[in-house]
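Step one of this worksheet: look at the structure below.
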(Lines of atoms letter the chains of each structure in order from A; the text may use other names.)
(Lines give C-alpha, C1' and ligand atoms only; values in the text may rest on other atoms or scores of the structure.)
Protein backbone atom coordinates (compact mmCIF):
# COMPACT_ATOMS: atom_id res chain seq x y z
CA UNK A 1 0.00 0.00 0.00
CA UNK A 2 1.32 3.44 -0.97
CA UNK A 3 0.62 6.38 1.31
CA UNK A 4 0.97 10.00 0.21
CA UNK A 5 0.09 12.57 2.84
CA UNK A 6 -2.97 11.07 4.52
CA UNK A 7 -4.24 9.00 1.57
CA UNK A 8 -3.57 5.34 0.80
CA UNK A 9 -3.39 3.98 -2.75
CA UNK A 10 -3.54 0.35 -3.78
CA UNK A 11 -2.43 1.16 -7.32
CA UNK A 12 1.06 2.53 -7.91
CA UNK A 13 0.21 3.57 -11.46
CA UNK A 14 -0.94 7.17 -11.78
CA UNK A 15 -2.34 8.36 -15.10
CA UNK A 16 -3.21 11.51 -17.01
CA UNK A 17 -6.08 12.79 -19.12
CA UNK A 18 -4.34 14.39 -22.10
CA UNK A 19 -3.93 13.25 -25.71
CA UNK A 20 -6.77 10.73 -25.77
CA UNK A 21 -8.93 10.71 -28.90
CA UNK A 22 -12.07 11.33 -26.84
CA UNK A 23 -13.31 11.29 -23.27
CA UNK A 24 -14.85 7.82 -23.55
CA UNK A 25 -11.53 6.24 -24.55
CA UNK A 26 -9.85 8.18 -21.75
CA UNK A 27 -12.31 6.89 -19.17
CA UNK A 28 -12.09 3.28 -20.37
CA UNK A 29 -8.28 3.39 -20.37
CA UNK A 30 -8.11 4.87 -16.88
CA UNK A 31 -10.59 2.28 -15.65
CA UNK A 32 -8.52 -0.51 -17.22
CA UNK A 33 -5.35 0.83 -15.60
CA UNK A 34 -6.94 0.63 -12.12
CA UNK A 35 -5.31 3.99 -11.42
CA UNK A 36 -6.65 5.80 -8.38
CA UNK A 37 -4.93 9.15 -8.97
CA UNK A 38 -5.44 10.99 -12.24
CA UNK A 39 -3.85 14.30 -13.14
CA UNK A 40 -5.71 16.96 -15.09
CA UNK A 41 -4.40 20.28 -16.36
CA UNK A 42 -6.25 23.29 -15.02
CA UNK A 43 -5.92 24.97 -18.40
CA UNK A 44 -8.06 22.22 -19.99
CA UNK A 45 -11.09 22.82 -17.76
CA UNK A 46 -13.82 25.19 -18.92
CA UNK A 47 -15.27 26.36 -15.61
CA UNK A 48 -17.85 28.50 -17.40
CA UNK A 49 -19.51 25.28 -18.53
CA UNK A 50 -19.37 23.72 -15.07
CA UNK A 51 -17.93 20.25 -14.54
CA UNK A 52 -17.72 19.19 -18.17
CA UNK A 53 -17.29 15.73 -19.68
CA UNK A 54 -13.63 15.72 -18.67
CA UNK A 55 -14.26 15.74 -14.92
CA UNK A 56 -17.70 14.24 -14.36
CA UNK A 57 -16.86 10.73 -15.66
CA UNK A 58 -13.67 10.64 -13.60
CA UNK A 59 -15.48 11.53 -10.43
CA UNK A 60 -18.15 8.96 -11.18
CA UNK A 61 -15.39 6.37 -11.59
CA UNK A 62 -14.20 7.16 -8.08
CA UNK A 63 -10.67 8.31 -8.90
CA UNK A 64 -8.93 11.11 -7.03
CA UNK A 65 -8.24 14.14 -9.21
CA UNK A 66 -4.79 15.69 -9.12
CA UNK A 67 -4.99 19.10 -10.81
CA UNK A 68 -1.73 20.33 -12.27
CA UNK A 69 -0.34 23.75 -13.04
CA UNK A 70 0.92 22.87 -16.52
CA UNK A 71 1.32 26.05 -18.54
CA UNK A 72 2.52 28.12 -15.60
CA UNK A 73 5.71 30.00 -16.43
CA UNK A 74 6.67 31.09 -12.93
CA UNK A 75 5.84 30.63 -9.26
CA UNK A 76 3.19 33.35 -9.25
CA UNK A 77 1.20 31.74 -12.05
CA UNK A 78 1.52 28.30 -10.48
CA UNK A 79 0.24 29.51 -7.11
CA UNK A 80 -2.71 31.19 -8.83
CA UNK A 81 -3.57 27.96 -10.69
CA UNK A 82 -3.34 25.94 -7.48
CA UNK A 83 -5.62 28.31 -5.60
CA UNK A 84 -8.11 28.20 -8.47
CA UNK A 85 -8.05 24.40 -8.37
CA UNK A 86 -8.71 24.38 -4.64
CA UNK A 87 -11.63 26.77 -5.02
CA UNK A 88 -13.24 25.15 -8.06
CA UNK A 89 -12.47 21.47 -7.53
CA UNK A 90 -12.47 21.34 -3.77
CA UNK A 91 -9.05 19.72 -3.45
CA UNK A 92 -5.85 20.86 -1.78
CA UNK A 93 -3.79 18.36 -3.77
CA UNK A 94 -1.74 19.89 -6.58
CA UNK A 95 0.82 18.64 -9.06
CA UNK A 96 3.21 21.54 -9.38
CA UNK A 97 4.52 22.08 -12.91
CA UNK A 98 6.44 25.14 -14.06
CA UNK A 99 8.06 24.91 -17.48
CA UNK A 100 8.53 28.26 -19.23
CA UNK A 101 10.25 26.71 -22.28
CA UNK A 102 7.45 25.55 -24.62
CA UNK A 103 9.78 23.46 -26.80
CA UNK A 104 11.37 21.06 -24.33
CA UNK A 105 9.07 21.63 -21.32
CA UNK A 106 11.96 21.42 -18.89
CA UNK A 107 10.86 22.27 -15.33
CA UNK A 108 12.21 25.49 -13.81
CA UNK A 109 13.92 24.41 -10.60
CA UNK A 110 14.15 27.87 -9.03
CA UNK A 111 10.52 28.82 -9.62
CA UNK A 112 9.32 25.35 -8.63
CA UNK A 113 11.09 25.47 -5.27
CA UNK A 114 9.68 28.93 -4.55
CA UNK A 115 6.14 27.92 -5.53
CA UNK A 116 6.40 24.73 -3.47
CA UNK A 117 7.40 26.73 -0.40
CA UNK A 118 4.44 29.09 -0.80
CA UNK A 119 1.92 26.35 -1.50
CA UNK A 120 3.04 24.18 1.42
CA UNK A 121 2.67 27.18 3.71
CA UNK A 122 -0.87 27.61 2.36
CA UNK A 123 -1.78 24.05 3.28
CA UNK A 124 -1.55 22.35 -0.11
CA UNK A 125 -0.45 18.76 -0.65
CA UNK A 126 2.27 19.47 -3.20
CA UNK A 127 3.67 16.95 -5.68
CA UNK A 128 6.30 18.80 -7.75
CA UNK A 129 7.42 17.74 -11.22
CA UNK A 130 11.18 18.33 -11.39
CA UNK A 131 14.46 17.36 -12.98
CA UNK A 132 16.04 14.20 -11.62
CA UNK A 133 18.15 16.31 -9.27
CA UNK A 134 18.79 14.68 -5.87
CA UNK A 135 19.70 18.00 -4.23
CA UNK A 136 16.55 19.73 -5.48
CA UNK A 137 14.38 16.82 -4.38
CA UNK A 138 15.85 17.06 -0.88
CA UNK A 139 15.13 20.80 -0.80
CA UNK A 140 11.54 20.16 -1.85
CA UNK A 141 11.18 17.65 0.96
CA UNK A 142 12.47 20.24 3.40
CA UNK A 143 9.85 22.83 2.43
CA UNK A 144 7.09 20.27 2.98
CA UNK A 145 6.28 18.53 -0.31
CA UNK A 146 4.33 15.30 0.16
CA UNK A 147 6.17 13.53 -2.67
CA UNK A 148 8.61 14.32 -5.46
CA UNK A 149 8.09 13.60 -9.15
CA UNK A 150 11.44 13.52 -10.97
CA UNK A 151 11.37 13.10 -14.73
CA UNK A 152 12.63 9.99 -16.50
CA UNK A 153 13.06 11.91 -19.78
CA UNK A 154 11.30 14.83 -21.51
CA UNK A 155 7.51 14.98 -21.26
CA UNK A 156 5.77 12.90 -23.91
CA UNK A 157 9.04 11.70 -25.44
CA UNK A 158 8.65 7.97 -24.63
CA UNK A 159 12.44 7.83 -24.27
CA UNK A 160 12.33 5.86 -21.03
CA UNK A 161 14.64 6.11 -18.02
CA UNK A 162 17.29 8.42 -19.45
CA UNK A 163 17.96 9.77 -15.94
CA UNK A 164 18.19 6.35 -14.26
CA UNK A 165 21.49 7.01 -12.47
CA UNK A 166 20.06 10.10 -10.79
CA UNK A 167 16.72 8.45 -10.07
CA UNK A 168 18.55 5.77 -8.10
CA UNK A 169 20.12 8.42 -5.88
CA UNK A 170 16.81 10.19 -5.34
CA UNK A 171 15.11 6.92 -4.40
CA UNK A 172 17.95 6.03 -2.04
CA UNK A 173 17.84 9.36 -0.23
CA UNK A 174 14.15 10.24 -0.30
CA UNK A 175 12.09 10.40 2.87
CA UNK A 176 8.88 10.99 0.93
CA UNK A 177 7.39 8.91 -1.91
CA UNK A 178 9.14 9.13 -5.27
CA UNK A 179 6.84 9.12 -8.30
CA UNK A 180 8.73 8.86 -11.58
CA UNK A 181 7.02 11.11 -14.07
CA UNK A 182 7.43 11.96 -17.76
CA UNK A 183 9.03 10.03 -20.60
CA UNK A 184 8.05 6.48 -19.65
CA UNK A 185 7.11 5.01 -23.01
CA UNK A 186 6.66 1.27 -22.53
CA UNK A 187 5.43 -1.13 -19.86
CA UNK A 188 8.94 -2.57 -19.58
CA UNK A 189 10.23 0.89 -18.66
CA UNK A 190 7.56 1.26 -15.99
CA UNK A 191 8.53 -2.13 -14.59
CA UNK A 192 12.17 -1.05 -14.51
CA UNK A 193 11.25 2.12 -12.62
CA UNK A 194 9.47 0.04 -10.01
CA UNK A 195 12.38 -2.41 -9.80
CA UNK A 196 14.59 0.55 -8.89
CA UNK A 197 12.39 1.15 -5.86
CA UNK A 198 10.20 3.99 -7.09
CA UNK A 199 6.98 4.28 -5.12
CA UNK A 200 4.86 4.92 -8.21
CA UNK A 201 4.99 6.05 -11.83
CA UNK A 202 2.83 8.47 -13.78
CA UNK A 203 2.09 7.51 -17.38
CA UNK A 204 0.01 9.42 -19.91
CA UNK A 205 1.38 9.72 -23.44
CA UNK A 206 2.43 6.08 -23.77
CA UNK A 207 -1.12 5.00 -23.02
CA UNK A 208 -3.04 7.74 -24.83
CA UNK A 209 -0.94 7.57 -28.02
CA UNK A 210 -1.11 3.79 -28.28
CA UNK A 211 -3.11 2.22 -31.09
CA UNK A 212 -5.06 0.43 -28.35
CA UNK A 213 -5.07 2.68 -25.26
CA UNK A 214 -7.27 0.37 -23.19
CA UNK A 215 -5.06 -2.67 -23.78
CA UNK A 216 -1.94 -0.59 -23.18
CA UNK A 217 -3.36 0.67 -19.89
CA UNK A 218 -3.81 -2.93 -18.77
CA UNK A 219 -0.23 -3.70 -19.81
CA UNK A 220 1.10 -0.81 -17.72
CA UNK A 221 -1.00 -1.91 -14.76
CA UNK A 222 0.51 -5.40 -14.88
CA UNK A 223 4.04 -4.10 -15.48
CA UNK A 224 3.90 -1.81 -12.45
CA UNK A 225 2.60 -4.63 -10.29
CA UNK A 226 5.33 -7.02 -11.45
CA UNK A 227 8.06 -4.42 -11.07
CA UNK A 228 7.00 -3.65 -7.52
CA UNK A 229 6.81 -7.34 -6.59
CA UNK A 230 10.29 -7.88 -8.02
CA UNK A 231 11.65 -5.01 -5.94
CA UNK A 232 10.04 -6.35 -2.79
CA UNK A 233 11.27 -9.88 -3.53
CA UNK A 234 14.83 -8.59 -3.86
CA UNK A 235 16.63 -8.60 -7.18
CA UNK A 236 19.85 -10.57 -7.53
CA UNK A 237 23.11 -8.66 -7.31
CA UNK A 238 24.59 -7.59 -10.66
CA UNK A 239 28.07 -9.05 -11.21
CA UNK A 240 30.81 -7.90 -13.55
CA UNK A 241 31.94 -11.45 -14.26
CA UNK A 242 30.38 -14.89 -14.58
CA UNK A 243 29.27 -16.76 -11.46
CA UNK A 244 28.91 -20.54 -11.77
CA UNK A 245 25.65 -22.18 -10.73
CA UNK A 246 27.00 -25.72 -10.40
CA UNK A 247 30.12 -27.17 -8.68
CA UNK A 248 33.42 -26.83 -10.52
CA UNK A 249 34.77 -30.18 -9.26
CA UNK A 250 35.25 -31.91 -12.57
CA UNK A 251 33.02 -33.34 -15.25
CA UNK A 252 30.87 -36.39 -14.43
CA UNK A 253 33.08 -37.23 -11.43
CA UNK A 254 36.22 -37.43 -13.60
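Even glycines carry a Cβ here, placed using N, Cα and C.
Small disclaimer: the values here were computed from a predicted structure and weren't measured.
Feature list (source: Swiss-Prot):
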ACT_SITE  95  active site, schiff-base intermediate with DXP
BINDING   156, 182, 183, 204, 205  1-deoxy-D-xylulose 5-phosphate binding site
Residue among binding-site residues 156, 182, 183, 205 with Cα closest to the Cα of residue 95 (active site, schiff-base intermediate with DXP): 182
Nonlocal residues around residue 205 (1-deoxy-D-xylulose 5-phosphate binding site), in sequence order (Cβ under 8 Å, 6 or more apart): 16, 18, 19, 155, 156, 158, 185
Per-residue Cβ crowding (10 Å cut-off), top of binding-site residues 156, 183: 183
Residue 204 (1-deoxy-D-xylulose 5-phosphate binding site): tally of other CB atoms within 10 A of its CB: 22
Cβ-based neighbourhood (8 Å from the centroid) of the 1-deoxy-D-xylulose 5-phosphate site, residues 156, 182, 183, 204, 205 excluded: 154, 155, 157, 158, 181, 184, 185, 203, 206
Largest inter-residue Cα distance among 156, 182, 183, 204, 205 [record-listed 1-deoxy-D-xylulose 5-phosphate binders, Å]: 9
